[in-house]
Amino acid sequence: MGEFHDKKAAFALHSTESKVGVCIAAWYVISLVTLWTNRYVVAKLRVDSNLLSLAQLGMSVVGGLGSELYLVGWTVCMRGIRKVLDDGLKDMVLLAGVRILTVLLGLTALKYIAVSFTQTIKSSAPFFTVVLTYFLLGQRTGWRVNFSLIPIVSGLIFCSLSDSSFHVIGFIAALMSNCVDCIQNVLTKRLLNRSYSTSQLQLYTSIIAVAMQLMFIVYNWMATPPDPALEANKTDRSMTFVFLVLVADGMCFYIQSALAYMLMSLVSPVTHSVANCVKRALIIVLSIYRYGEDVTPLNWCGMMLVIFGVYAFNTASRLEREQAAKGPIIAPVKSTFVQTSTISTLSEIRIEKGIAFEKDGRRDGLREGASAEAISRCVTFFPCMSRNPPEGVSVGLGDDDNIFNWEILLVGPPDTLYEGGFFKAVLEFPSDFPNMPPKMTFKSEMWHPNVYPNGVVCISILHPPGEDQLNQQETADERWRPILGVESILVSVISMLSDPNDDSPANIDAAVEWRNDKDGFKKHCRRIVRKSQEDI
């Protein structure tokens, strides 16, 4: 029987490796096609960058909406949109504006300078990330990371001095695109802290960005009279051809982003960064031969320095994280900054367990009678979640290293009654996962309408798939579906702590107190928060 499980686990790991290979290859091809199509549209067809940006963001809306409807259903999707309209519209509008600016600056750079030069400037993003993170967040980096920036800056200077396509407008646009992209990442991280998933942010900001872009295009069209000189310079291609090219470009843009996120879920951040460096290098070399660009030895040297610097930056960042993980763990009481540091440190320690499980190929944590699909999903999900959990969550294995039993540590979300708490929980996967959902149980004391007195979490996503005749308020779209992942569960639990649902409570006493005695409920929550801090 043990040999049978070894074969099933080996097959699951081989299947994951095949998925990673196919995903990387598809990502490279689609990224290259998207970049060259962008260049063709703005340089040859002379299409306005605003229209191309609208096509790309519009296809992001179509693809993102279709993905959300398939994964969670119409009811949950509309509930998320209403939440944005009620609570986070200002932040979403800001992030949408930054997304538009990022796309427009990138397209402007392609219009004025060579594709290879544009990609070289984009590869220097780590330099701008370090600088802007210091000024915006006050976060300092170690000497290894700072030292790795030297070849990046040097290579960028070499390319700027020797590139024959150098143009001030294109160069400034490419640099500004890097800066704005870093700001976008900071804003995205802040919104992820508020229980939004990555797919939700992509969808909601795309919808708002399309609306903003349409208003700007209509206003510009009404306010600016047509220029005969510009009309004469437009392409002689038919409107149908241009429309089809824009749609194809938008589809490639969305697929490229989807493949990037898919790869993030399958590999570690280091592997993803290395794959991204290789992609940049391939795009630069292939673009040089595709467009016959005149490249000097100094230019080649600059490109290689930038790519080497990016790889050194990723390596230095990983070493600094590993060094930080060896430091002491301090249980905080009030400081939000220390809370974030603690959860990060715990996550790093638990990642080491996950890496050991992967490298050693251990099978003692595999349950007898588990399906091959259950083994495959757990072996795939655990390294991803231990390395990249949702904000405020740490994921690890228990003392018995059973891949079907995960230990979860949740930090109480900011601006909620559970803020500052450290709540331990267990996520148990059944043998027929993912056909049936896992079971989540709080081991720390929890006072919540949707958590049973014994700690079992009762939310829709953890209920078996299908209709429940005893609960007509809960649709099949809100319940567990095999296509969902562990991240969806963890995000839903964080959302549950932020917004209790007392319509069908699991803990009647907590629900009654939540409705009738808010002050008493707050005191209850403060007590369990203090207790969780003492138990950490």
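Using the three backbone atoms N, Cα and C, a Cβ is placed for every residue, glycine included.
Cβ contacts within 10 Å of CYS458 (active site, glycyl thioester intermediate), excluding its own Cβ and spanning all protein chains shown: 18. Secondary structure at CYS458 (active site, glycyl thioester intermediate), as computed by DSSP, is coil. As annotated by TrEMBL, active site, glycyl thioester intermediate applies to CYS458.
Residues or ranges marked as domain 'UBC core' by TrEMBL: 373-534.
What TrEMBL lists as transmembrane segment is 20-37 (among others). Listed by sequence, the residues of this chain that lie at least six past the ends of the transmembrane segment (20-37) yet keep a Cβ under 8 A from its Cβ atoms are 110, 115, 119, 245, 248-249, 252-253, 255-256, 259-260, 262-263, 266-267, 275, 279, 282-283, 286-287, 290.
Distant neighbours of the transmembrane segment (57-81): 99-100, 103, 199-200, 202-204, 206-207, 209-210, 213, 247, 250-251, 253-255, 257-258, 475-478, 481, 483-484, 488; these residues of the same chain sit at least 6 beyond its ends, with a Cβ under 8 Å from one of its Cβ atoms. Taken from TrEMBL, the feature transmembrane segment applies to 57-81 (among others).
Per TrEMBL, transmembrane segment is recorded for 93-114 (among others). Within its own chain, the transmembrane segment (93-114) is flanked in space by residues 35, 38-39, 42-43, 49-50, 52-53, 56-57, 121-122, 163-167, 169-171, 173-174, 176-177, 180-181, 183-184, 187-188, 191, 201, 205-206, 208-209, 212-213, 287, 291, 293, which lie at least six positions past its ends and keep a Cβ under 8 Å from the stretch.
If you look up TrEMBL, you'll see 120-137 (among others) marked as transmembrane segment.
The transmembrane segment annotation in TrEMBL covers 149-176 (among others).
Annotation comment: TrEMBL describes 201-221 (among others) as transmembrane segment.
Among the features that TrEMBL reports, transmembrane segment is placed at 241-264 (among others).
The transmembrane segment annotation in TrEMBL covers 297-316 (among others).
Outside the transmembrane segment (120-137) by six or more residues, the chain places 106, 109, 145-146, 148-149, 152-153, 155-156, 159, 171, 174-175, 177-179, 181-183, 185-186, 277, 280, 284, 302-303, 306-307, 309-310, 313-314 with a CB less than 8 A from a CB of the stretch.
If one looks beyond the transmembrane segment (201-221) by at least 6 residues along the same chain, the residues whose Cβ comes under 8 Å of a Cβ in the stretch are 50-51, 53-54, 57-58, 60-61, 64-65, 67-68, 80-81, 84, 92-93, 95-97, 99-100, 188, 191-192, 257. Within its own chain, the transmembrane segment (241-264) has Cβ neighbours under 8 Å at 20, 23-24, 26-27, 30-31, 33-34, 37-38, 40-41, 45, 47, 51-52, 55-60, 62-64, 67, 198-199, 202, 235, 272, 275, 388, counting only residues six or more beyond its boundaries.
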